[in-house]
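Swiss-Prot annotations:
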type: BINDING; residues: Lys32, Arg35, His64, Arg81; note: isopentenyl diphosphate binding site
type: BINDING; residues: Asp71, Asp75; note: Mg(2+) 2 binding site
type: BINDING; residues: Asp71, Asp75; note: Mg(2+) 1 binding site
type: BINDING; residues: Arg80, Lys158, Thr159, Gln192, Lys209, Lys219; note: dimethylallyl diphosphate binding site
Amino acid sequence: MENSKIHFSYPLDKSDFKLIEPYTYICESSGKGFRNALIKSFDYWLKVGDEKVQDISKVIQGLHGASLLIDDIEDNSKLRRGKPVAHSIYGIPQTINSANFVYFLIMDQCNKLGDPKATTIFIEELIRLHRGQGYDIFWRDTNTSPSEQEYMNMVNEKTGGLFRLGLRLLQAFSDNNTNYIDLVEDLGMYYQIRDDLINLVSVDYQQNKSFCEDISEGKFSFPIIHAINADSNDNRLLRILKQKTEDRSVKEHALEYIKSKGSLEYTEKKLNVLKEKIIKQINDLGGNPILMKLMESLENSSI
């Protein structure tokens with residue numbers, strides 16, 4: 001069924017919309033819109049204007065929605081924003097095809113933004129995003145704990161990908177050539193590490209996803225990596241991650257172990273260091289009240 005909120009520049013037949021129903025379904029449960037708000041905040045500096053901001057926001061929103069369809073399959077997730085994941089309704093084959101279909105529809109939109117660099121930027125960041133996702137999956141599926149630095153490098157590739165893409169597309173249409181990459185990558189790092197913490201401690205997250213979902217997925221998140229590295233002679237957390245358990249009592253034991261190693265406090269300290277670094281960069285770049293307000297709202301949400 002065609003959704004009035006779903007628009008692509010490529011001319012789709014009315015019947016084509018049944019092919020992207022998994023994508024339409026996931027778009028019905030919109031997130032907090034942080035990435036779109038981030039693009040708008042950078043336009044405070046870049047002065048591109050509302051029309052181009054909206055066009056680029058549609059690219060980021062479309063790419064993000066399609067990537068979530070694939071992520072949920074790769075992570076064997078059950079819920080997304082409190083609703084059944086798309087592939088549990090439409091099946092894995094159609095969901096994969098729908099996501100890939102949307103990737104190319106979004107690439108077509110990039111091609112029509114009006115700057116030849118836009119498509120190149122899109123491809124470069126999609127390569128980096130998939131590289132990061134690949135490492136994340138490799139570590140999980142081989143039960144191999146990365147170092148903290150390896151994890152942060154992966155986050156720069158994966159989570160930083162959509163953040164950088166939005167900034168780079170916006171800057172392609174701006175006369176402002178100031179380098180904001182370090183700032184946007186630090187924002188991506190803050191966003192991901194904070195999400196890692198929320199996954200383990202947030203009541204809201206547990207209601208919309210599940211209790212300690214990263215443990216059930218066998219995922220190596222920032223606090224989990226710290227807890228593993230805190231005692232190389234104790235392999236219990238690695239063993240639990242390898243099981244990809246749904247057993248709440250086992251996950252509660254894992255969480256208590258993570259707490260006992262001071263990993264949640266360590267993660268909070270890392271977030272505070274990142275926050276101060278981000279604020280300093282914003283001020284050094286001339287200030288940005290919209291971005292500062294966005295940081296404040298991010299800091300105070302979902303925990």
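Including glycine, each Cβ sits where the backbone N, Cα and C put it.
Locations of recorded Swiss-Prot features on the structure.
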{"residue": "Arg35", "record": "isopentenyl diphosphate binding site", "Cβ within 10 Å": "19"}
{"residue": "His64", "record": "isopentenyl diphosphate binding site", "Cβ within 10 Å": "20"}
{"residue": "Asp71", "record": "Mg(2+) 2 binding site", "Cβ within 10 Å": "18"}
{"residue": "Asp75", "record": "Mg(2+) 2 binding site", "Cβ within 10 Å": "19"}
{"residue": "Arg80", "record": "dimethylallyl diphosphate binding site", "Cβ within 10 Å": "21"}
{"residue": "Arg81", "record": "isopentenyl diphosphate binding site", "Cβ within 10 Å": "14"}
{"residue": "Lys158", "record": "dimethylallyl diphosphate binding site", "Cβ within 10 Å": "22"}
{"residue": "Thr159", "record": "dimethylallyl diphosphate binding site", "Cβ within 10 Å": "23"}
{"residue": "Gln192", "record": "dimethylallyl diphosphate binding site", "Cβ within 10 Å": "21"}
{"residue": "Lys219", "record": "dimethylallyl diphosphate binding site", "Cβ within 10 Å": "18"}
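A coil conformation is recorded for Asp75 (Mg(2+) 2 binding site) in the three-state DSSP classification, outside any helix or strand. Checked against Arg81 (isopentenyl diphosphate binding site), the binding-site residues Lys158, Gln192, Lys219 differ in C-alpha distance, with Gln192 being the nearest. In the three-state DSSP scheme, Lys158 (dimethylallyl diphosphate binding site) falls into the helix class.
When the Cα atoms are compared, Gln192 (dimethylallyl diphosphate binding site) and His64 (isopentenyl diphosphate binding site) turn out to be 15 Å apart. A distance of 11 Å separates the Cα atom of Arg35 (isopentenyl diphosphate binding site) from that of Thr159 (dimethylallyl diphosphate binding site).
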